[in-house]
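Note sheet for the following structure.
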Ligand SMILES: NC(=O)C1=CN([C@@H]2O[C@H](COP(=O)(O)OP(=O)(O)OC[C@H]3O[C@@H](n4cnc5c(N)ncnc54)[C@H](OP(=O)(O)O)[C@@H]3O)[C@@H](O)[C@H]2O)C=CC1
Ligand SMILES: O=C(O)C1=N[C@H](C(=O)O)C[C@H](O)C1
């Protein structure tokens, strides 16, 4: 059985991932990590007594396990680097890794011949949206992105919106904004030459719209994660991928 450690296990995503791993026959929840907890007693968190609870990275001596990370943008690089350097294969869902940090993680993984995955979004609707947007952008080069999330989200724009902009730019040359107000904050963030608008509201979970416009017509593609259950199918795919493969990849679209 493949052992798994869940970082950020008390959070909205982490707690659902714990339940997922407990349900999967081929995987065993071996450890959980959150530096802000006082108790190291698994039963205090409704976990089996065999699960090791950690509140300090240095306590973690398990190796040959998968490290699933749904923590916070400010900690994800340290966590992922720690995992790779200690023989733990990373499955990273936490947003906020920079291009430079991802390149560094890739380098460590290559040196240590370890598999892993960084996925800005594990929801299949979001991955399909990204693919559809790539196709549409070939015919509609004028595009803007709106991402809408719950009000507790720590980062803006979302990792998914950044990945969508990057994917669109992979297939289209950079366009210049035509409008007079392109530099105004009201026009959103310019990323890869694409405007991204971030909405934060209670009641929302995670949603994205990609809007294409051309002479006399428009195309809008939208996906909605109404519940964090929407990410679990992708997390399961990623777990199977890293336990059976050697590659380190970025984006769930590469293994669908
Ligand atoms: N890739 C994907 O498909 C998805 C990605 N996400 C991303 O996952 C991340 C977590 O989201 P969400 O679960 O909603 O957030 P939450 O705030 O609900 O959970 C984050 C958890 O991480 C804990 N934590 C804080 N610092 C650390 C640390 N240094 N190491 C480990 N854990 C830590 C927090 O503990 P405490 O509260 O005690 O500080 C909290 O329990 C975000 O970056 C989000 O954007 C979210 C959904 C889907
Ligand atoms: O914070 C969230 O909730 C989410 N974060 C990820 C992101 O930044 O794109 C994935 C999904 O949008 C949910």
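Cβ coordinates are placed from backbone N, Cα and C, and glycine is handled just like the others.
Per TrEMBL, the feature domain 'Dihydrodipicolinate reductase N-terminal' maps to 3-122. Marked as NAD(+) binding site by TrEMBL: 8, 9, 10, 11, 12, 13, 93, 94, 95, 119, 120, 121, 122. Feature annotation from TrEMBL assigns domain 'Dihydrodipicolinate reductase C-terminal' to 127-256. Taken from TrEMBL, the feature active site, proton donor/acceptor applies to 149. Annotation source TrEMBL lists (S)-2,3,4,5-tetrahydrodipicolinate binding site at 150, 159, 160.
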Review point. When you measure from the Cβ of residue 122 (NAD(+) binding site), which residues in the chain that are at least 6 apart have a Cβ under 8 Å away?
Key: 93, 231, 232, 233, 234, 235, 237, 238, 252
Review point. Where the criterion is a Cβ under 6 Å from an atom of ligand 1, which of the recorded positions 149, 150, 160 meet it?
Key: none
Revision key, fill the gap. Those binding-site residues among 10, 12, 95, 122, 160 lining ligand 2, judged by a Cβ under 6 Å from any of its atoms, are 95, 160
Exercise for review: Tell me, in order along the sequence, which recorded positions from 8, 10, 12, 95, 120, 149 have their CA within 10 Å of residue 160 ((S)-2,3,4,5-tetrahydrodipicolinate binding site).
Suggested key: 95, 120
**Study point:** Env. residues of (S)-2,3,4,5-tetrahydrodipicolinate site, Cβ within 8 Å of mean position of 150, 159, 160 Cβ
**Key:** 95, 120, 121, 147, 149, 153, 155, 158, 161, 206
Revision key, fill the gap. Here the binding-site residues are 10, 95; the one whose Cβ sees the most other Cβ atoms within 10 Å is 95
Practice item. Check the Cα-Cα distances from residue 95 (NAD(+) binding site) to the recorded positions 149, 150, 159 and tell me which is shortest. Key: 159
Review point. Cα distance, residue 8 (NAD(+) binding site) to the residue listed as 'active site, proton donor/acceptor', nearest Å?
Key: 19
